[in-house]
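Per TrEMBL, the features are as follows:
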type	residues	note
BINDING	A:85, A:86, A:112, A:113, A:114, A:115, A:179, A:182, A:204, A:234, A:260	pyridoxal 5'-phosphate binding site
MOD_RES	A:205	N6-(pyridoxal phosphate)lysine
């Protein structure tokens with residue numbers, strides 16, 4: 001295929017001697033980040049000092065949030081950046097169930113562990129029970145307060161049907177929290193249009209924000225007045241600098257903020273998001289499906305390999321292969337310059353980031369695996 | 001006095017045309033930070049990519065924590081860096097009261113607001129009541145589960161007696177959580193020796209970690225096995241990469257971790273901490289008391305000025321002045337190159353960071369204020 005994104009790779013600082021297929025774990029650095037951070041440290045912090053807080057820093061969580069909003073189908077004023085995904089999951093879940101007369105939180109049984117762990121803690125503190133369930137058989141009913149689902153499964157790369165599952169939750173009066181960690185930057189997402197209740201996501205995978213860059217939380221405008229999240233730090237206050245004794249949450253998405261925002265990481269992420277300017281998510285999606293299809297086609301029949309990522313369109317941009325010696329194989333691939341990762345016990349993961357990965361790389365990676373087998 | 005810290009100022013990137021007295025809000029940048037961040041982005045992230053997680057990133061929260069431990073009298077393995085102060089307060093307070101049969105959380109009535117807000121949320125979620133109290137009249141008894149105190153008051157600069165108040169809490173069987181935001185890097189602190197139960201602090205004031213740099217949480221070794229904090233993110237798991245369905249906390253301080261650590265900010269802080277190498281906190285304290293004493297002496301009798309920071313040794317390294325036109329005065333001081341800050345309604349704050357502030361600066365600032373009055 002002709003690649004409408006071929007020019008975007010130049011915006012990344014990637015060595016040519018590696019095939020980097022772990023952008024689903026840690027995205028590669030956009031070139032703009034190092035330069036921007038240098039300006040943030042030397043000029044904004046060093047020369048403007050405390051004054052920078054009123055020259056753009058304070059509003060950064062919402063401003064950068066709006067940039068992510070564009071990638072997830074959220075109109076401005078509904079996404080805030082800050083804290084980790086785990087912390088935002090806690091805000092979302094406790095906020096979702098506060099005051100409910102329902103009794104259970106349902107979580108995808110195969111979820112990324114942190115979602116289950118945090119859901120367990122949120123359930124314990126709010127007096128609800130936690131029920132892990134298969135996304136194909138959620139059995140939601142009027143006992144269900146909220147269901148937490150991963151849009152793309154971290155292990156298999158499977159994509160869930162956000163529209164259908166959101167509707168199913170709403171049919172029984174339950175809320176749904178979507179974890180977008182493995183789908184933001186992968187495919188068009190329509191949070192507003194689908195009436196999603198809450199969503200969280202990380203920014204260090206396909207958004208290339210850097211190691212441990214701050215996560216985001218989506219709360220739709222209509223739900224904001226009733227959203228009472230538990231991490232009532234001062235920056236979520238309606239008038240943070242009034243230093244009032246009583247906590248009065250911000251009227252809007254600001255109430256999802258907790259402590260002082262981490263500016264260095266926030267502005268590194270801001271710089272990293274520049275690579276999305278002029279990029280259409282439909283192009284990203286088309287190329288991602290093509291890259292993963294090409295790779296799957298090449299490795300499908302290799303000895304001992306089982307492809308566990310769906311071959312139809314119900315996948316993200318990650319291909320997961322099962323092999324009994326997955327750990328050894330990945331170590332050898334990495335030693336040879338093909339970088340994916342291994343998830344115990346027996347899964348090899350290869351992430352394809354359409355902004356910088358090429359079809360040639362998909363072929364080189366498949367070839368390297370073939371030679372090891 | 002001769003200044004044993006005079007050479008340390010050279011380690012900071014500070015312009016000579018400003019008198020920067022707001023290090024109690026945002027410390028000035030150590031020169032090492034910009035260079036280190038450049039290496040982290042270009043080499044560690046850009047060249048080593050995902051491999052850096054096993055080349056020092058993963059352990060950074062505890063490694064940097066131990067460096068802060070040295071500044072607060074904590075033996076290794078008891079301090080972890082990550083998240084904001086607000087988030088760590090929530091971990092500390094919920095962890096402190098879990099399973100208690102006591103009924104109240106007590107908080108310093110004049111506390112920095114976030115402490116009170118978070119304490120209110122922790123109380124609500126755990127079913128306890130919150131009682132604000134004057135630190136001079138805490139009235140602790142067998143109903144008190146935990147008391148949360150600010151070591152140095154953000155508004156007045158007053159220093160509380162950590163030894164005496166910790167002992168008072170322990171006499172009635174209550175725990176104490178110390179907020180060290182305005183005292184870490186200011187004076188020698190002896191958490192281990194005083195038997196403090198839990199402590200939190202920020203790193204962007206006198207530790208110069210950068211805007212919104214990650215905070216820290218201290219949990220003494222003996223208390224770690226029983227410390228169940230509510231933000232059970234995957235990185236606090238005993239075996240995070242086993243991706244187990246059940247949450248089993250790390251045996252040690254690692255259980256205080258939540259989500260993926262923010263590496264750019266963490267390693268900026270790590271670089272910033274280099275300025276403490278070879279520095280004795282006793283020298284920092286002596287110079288800080290002398291700087292603040294000199295400034296107070298010069299401004300004490302200015303018209304309309306009331307010094308609200310204690311004149312005896314019971315203060316941090318901040319001088320707070322009350323004046324009916326505090327907001328206007330501070331704006332004019334800043335316009336003239338003397339940077340402090342204003343806390344509503346009528347408080348002017350001047351922070352003295354002994355690592356980089358000089359006696360000449362104390363005099364220039366006093367002179368500037370005098371000319372305005």
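Glycine is treated like the rest: Cβ placed from N, Cα and C.
Positions of TrEMBL features highlighted on the structure.
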residue	record	DSSP class
A:85	pyridoxal 5'-phosphate binding site	helix
A:112	pyridoxal 5'-phosphate binding site	coil
A:179	pyridoxal 5'-phosphate binding site	strand
A:204	pyridoxal 5'-phosphate binding site	coil
A:260	pyridoxal 5'-phosphate binding site	coil
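Around the Cβ of residue A:112 (pyridoxal 5'-phosphate binding site), the same chain contributes A:150, A:154, A:179, A:181, each under 8 angstroms and 6 or more positions distant in sequence. For residue A:85 (pyridoxal 5'-phosphate binding site), applying a Cβ distance below 8 Å and a minimum sequence separation of six or more within one chain yields A:114, A:179, A:181, A:200, A:201, A:202, A:215.
Taking all protein chains in view, 29 other C-beta atoms sit within 10 angstroms of the C-beta of residue A:205 (N6-(pyridoxal phosphate)lysine). When the alpha carbons of the residue listed as 'N6-(pyridoxal phosphate)lysine' and residue A:260 (pyridoxal 5'-phosphate binding site) are compared, the span between them is 24 angstrom. Counting neighbouring Cβ atoms within 10 Å of each of the binding-site residues (A:114, A:260), the lowest count belongs to A:260.
Sequence-distant contacts (6 or more apart, same chain, Cβ under 8 Å) of residue A:204 (pyridoxal 5'-phosphate binding site) comprise A:26, A:27, A:210, A:211, A:212, A:213.
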